[in-house]
């Protein structure tokens, strides 16, 4: 129990005023004091839910389904006191993502009756839980622009995208307010998981409310209004967007959605979410939003609204200052050479939805759907880095292997547990078998990296920033 949790009187008064009468304040406070259940989402870009369930059963992990996400589970592990969830082999290989159950709901809402997404925007995407969930829902097809304003969070976003084998994402690093003017009516689907006061995160962080005040709620509401307007301008006619927060007050939730109607009138339709999952009606508002208090589903507090754009809007006028784009499409000759080398050395091919782009000695695989947007905005990175050229051919990159390779590849070298631990510590390994050339390294049937045979050892190709120590699986 979080008996020392800080709940300001003004916050409790606000909850008392706005919480539906059928919910109890005593149950709300009791729920806030209970530690949050650990939850994960299976990464179906790497393994199916059934395959993961089999792995979990072998490790005696108990999985309880999350009702609103087919790939989400609350998890209980016998070794939780000795091995952190993030240090399990399955997590490090990208087979699952540690994600709070409530935060899976916005992407579920965005994907409902919306299977054929060609161009999506995740406007505030770090650390990447919803970006990777959306990419998986898109089956790595189309294009997904993942934006993050905070410089310190871009690196972890990039790392999570690579670990999960996502290949259809372009990263941007802007204040989300620029999208409405820079890319008007561009995206058929938009997720705005807005920065907020975080009232719903109390169970995860007992100190979450120490900096809370009614004034801070009003202040952040101004930012949210700007962001939702920008997102609506960037949304195509007929497109859908989801607005979500991990907070509980009406100022940052219902009022922000109603502001959109005040600005754009009949162009805005709220799509009801009462049938999103069984028992969703327990959190349903009169507008059709989901307002999740922590005691309803024993989860974090959350808010989710789904909005459709019925008519065009006039975006703000902007002047773009873009430098020269440093990449060029690979020529047919270059592309054929890259494809042939990738096939002959590693028995791999890039997906049909990607194409080669060149920057100096670097070879990248961009989502084809990004091509019309390349001259419209500045990007932190697009797609994944496939290789670096050198005089003897190509030096394939770790992130490309994580995006492309599967454990049934004929070049794979399967490690035992001790060797896999050595691998993640950045050390070369000496299996009791031999090989030659570059090899895809696997552990328990999951791809974990790229190595190269040097004599009777495999030279470790793990990027330095991924090297781990401590108690691993």
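Each residue, glycine too, has its Cβ placed from N, Cα and C.
Residues 124, 125, 126, 127, 128, 129, 130, 148, 175 are recorded by Swiss-Prot as S-adenosyl-L-methionine binders, and the candidate that the same record lists for that site, out of 81, 193, 205, 207, is 193. The CA atom of residue 128 (S-adenosyl-L-methionine binding site) is located 15 Å away from the CA atom of residue 246 (active site, nucleophile). Whole-number maximum of the Cα to Cα distances across the S-adenosyl-L-methionine-binding residues 124, 125, 126, 127, 128, 129, 130, 148, 175, 193: 19 angstrom.
Every protein chain shown contributes to the tally, and the Cβ of residue 124 (S-adenosyl-L-methionine binding site) ends up with 21 other Cβ atoms within 10 Å.
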